[in-house]
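Below is one structure, written out as structure tokens; the observations come after it.
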Amino acid sequence: MRRVTSNPVDLALGQEGRIYVLSRSELATEIRRISWDDENLGTIGGPGTGDGQFRWPVALVADEDENLYVSDEALNRISIFNKEGTFLSKWGEAGAGDGQFNRPAGLAFNPEGNLYVVDSLNHRVQLFTRDGKFLSQWGTQGSEPGELNLPMGIATDDEGDVYVADWGNHRVQKFSAGGALQLVIGSEGSERGEFVRPTGVAVDRHGDIYVADWGNNRVQLFNPDGQYVDQFIGDATLSTMARTYVRANPKPLRLREMACLEPQKRFHGPVSIEVDDECRMYVADCGPHRIQVYQKEADVLGPEDIVPVLSAPTLSTT
């Protein structure tokens, strides 16, 4: 998908194949509405400080009514729009008290429909109702298990557990809904299962965990226990619009025939991830100004599908 004007930093999935892409750059600070078929459906917002405008937007999430919530770390607020792009409301203010923000980042709804907001420079996670009523908060600055250092992305699973991309500590941490630490995934590095500045996290319906490993230009996959499964470095193809352009212009067609295309296929600064109910993974690939989409292929085995371990008599030697 290439109908992204500039630097996509997050996306949200709507009904009937609608996709909302949050772009942030000097050229475009807006939400672009596109269809699954890459059709342009218009834009929402724009640069500025007024109602319905953005200064430095970071994250985007849609609720069950397809209202869109956008965090703006420069304005320290959450802005809300309906699916047509009409501005509905805003809430939030700068500070370190309950309900205040210092550069809000990732957004995620819990199963009850309340909104988690990553309060990045306050090194914590806060929970609000949809209309901005403060409910709770947890997190302190540090590098010990359970502590946070400039957290960025956030996700929840069907059980209500919370996953936080702990950007400054190069790891992902899993918490209960009340903030109790359950799991730590990763450490700094470029080997399998390691991260450099992870920015985004998502969980699919199987409980598998996807991490946007921004500094390593890849996405890593972990099982529900936090064990490394696989990594993805990108394998992009041309969009419909791009193929039409290349076929109609001999010069870029010839240049593509002469060039090594492998670097163009790869992720370059993947920032955020969404996974839909069909286990399709959407990656906001910021550097190349595009969204890459992949289909998970997995067979989930139930207890009846697993062959029991056969016991054998004890072997001994004399």
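Each Cβ is built from the backbone N, Cα and C atoms, and glycine gets one as well.
Record features (TrEMBL):
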REPEAT    41-84  repeat 'NHL'
REPEAT    88-131  repeat 'NHL'
REPEAT    142-178  repeat 'NHL'
REPEAT    182-225  repeat 'NHL'
REPEAT    267-297  repeat 'NHL'
Helix, strand and coil residues within the repeat 'NHL' (41-84) as assigned by DSSP: 0 helix, 22 strand, 22 coil
Segment-level pLDDT (mean, integer) for the repeat 'NHL' (142-178): 98
DSSP-derived helix, strand and coil totals, residue by residue, for the repeat 'NHL' (267-297): 0 helix, 18 strand, 13 coil
